[in-house]
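Asks: Please read through the structure below; I'll follow up with questions.
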Amino acid sequence: MGSAQSVPPEMRALAERTGFTSEQIEQLHRRFKQLNHNRKTIRKEDFDTIPDLEFNPIRARIVHAFFDKRNLRKAPAGLAEEINFEDFLTIMSYFRPIEMDMDEERLESFRKEKLKFLFHMYDADYDGIITLQEYKNVLDELMSGNPHLEKESLRAIAEGAMLEAASACMARTGPDEVYEGITFEDFLKVWKGIDIETKMHVRFLTMEAIAHCY
């Protein structure tokens, strides 16, 4: 993929587009080849070889997100059957750790990109709105990974979280309007003050998800 001293134009373009350094891109390219067994693309089943995802309660959603055309910036809806290395880098860039030298404008843009990715994980039907049922589905999946919580406790936590999310967004709803769900603008309000910048990242070599996205 090139060396740090003589960076090919292709590598430079990828670095500018994704924010990764050339060394990080080379590292991710090695991981990409491990996943696809030296093919040119990755399919969903290739993620079955990642041990750290095996017991993640939202594993299916994480894998789905890699093929979501919204996250790939290719279309407003739909799934890709396979992704190439540039697509893989695009998705991994959402998990890129915060840089200490980011100014306020870049940090805000960085935060919005991460939250847009997370929003798409909730918005399963691509309509730009997270319904309360979609919100509950994700929470149910997340909390299913805790064997110490009883079913009634899970339901109470989910309902409470949904009510909190809805109440944060319903102030702008008129008396004759029906609350349909959470838009991305609402989602930004719900997540205001939550440190998504440092929580949502992935270890490059193992692709172990560090994010606690709920």
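Cβ coordinates come from backbone N, Cα and C, glycine included.
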Asks: Of the candidates Glu113, Glu134, which one does Swiss-Prot list alongside Asp123, Asp125, Asp127 as binding Ca(2+)?
Replies: Glu134
Asks: Across all chains shown, how many C-beta atoms besides its own are within 10 angstroms of the C-beta of Glu134 (Ca(2+) binding site)?
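Replies: By my count, 18.
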Asks: In sequence order, which same-chain residues at least six apart have a C-beta under 8 angstroms from Asp123 (Ca(2+) binding site)?
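Replies: Long-range Cβ contacts: Ile129, Ile130, Glu134.
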Asks: Quick one: what's DSSP say for Glu134 (Ca(2+) binding site), helix, strand or coil?
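Replies: Glu134 (Ca(2+) binding site) sits in a helix per DSSP.
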Asks: For the domain 'EF-hand' (110-145), what's the mean pLDDT in this predicted model?
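Replies: Result for the domain 'EF-hand' (110-145): average pLDDT 88.
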Asks: Quick check on the binding-site residues: of Asp125, Asp127, whose CB has the lowest count of neighbouring CB atoms inside 10 Å?
Replies: Asp125
